[in-house]
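**Student:** In case it helps, TrEMBL gives these features for our protein:
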{"type": "DOMAIN", "residues": "B:5-72", "note": "domain 'HTH merR-type'"}
{"type": "COILED", "residues": "B:89-119", "note": "coiled coil"}
DNA sequence: GAACTGCTTAACGTTAACGTCAAATGCCTG
DNA sequence: CAGGCATTTGACGTTAACGTTAAGCAGTTC
């Protein structure tokens, strides 16, 4: 069973980014595709990494944060020395805290927005009714 | 019952931002405090606005987005012409969509992070036990 | 009245995250 | 083999969101 592979522009299309963005992420050390000659070639793992990066971005993380975050996935498989694990654990717990705050913010904002939405609708002619 | 008022640095302290930031938001039209002489004076509504702005920021919105968002709170009170309401409704619905995507991202990420967290803990000496 | 504190405007600097060229290379096709 | 397309590296440009510095005014404190 051979692995599916992507060129840079194929990957860019499928993930909704530009090739420039992908190369930029590589410059930052977030991606390390294989090469065929000079050309970059991406496998499924590379694609999964990119998708993780984009999710991180949607959540407002910096690329630097995302870099550390990606490192966690690997470090987890290598429970070699506890001091490093301790460090990673601290990082994770800090991020969990940020995300929980964000969840709260999000819930509040959504509530207010939907309230405004129904307010709007109640003032409009009822062209919004599903037939 | 007199309203409580804040100087720019008091407000900055209470909200955890710099005075530069507050002035910057004013430049962008997000805040319009009263003046006493040349000095800015903030009332409770101003403070509430700032808090809303900061929440928007934590959610990764641009200041421009936040500006439109703040406008919704006022427009809602003025159901004058429906065309404007329609426009606002579209904006709100688009933002609700973004936020729901974000909620999904968040839930997934939190799940993965806490999984990694327990993995880490299971490999560490049990110095984490509550006494 | 000199120093200190807090405020003002104005202007320039900075960082992240790309966009936008430019010039060169490799491969395929007619 | 000329033309066209995808790719490469490299360099400079851009935008948002402030930071930082400068220069000056107002009040009050020793």
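Using the three backbone atoms N, Cα and C, a Cβ is placed for every residue, glycine included.
Curation does not apply to TrEMBL; its annotations are automatic.
Could you place the listed features in the three-dimensional structure?
**Tutor:** Averaged over the coiled coil (B:89-119), the predicted model reaches a pLDDT of 80.
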**Student:** Under an 8 Å Cβ to Cβ limit, what residues of the same chain, 6 or more beyond the ends of the coiled coil (B:89-119), are close to it?
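**Tutor:** Distant contacts of the coiled coil (B:89-119): 59-60, 65, 68-69, 72.
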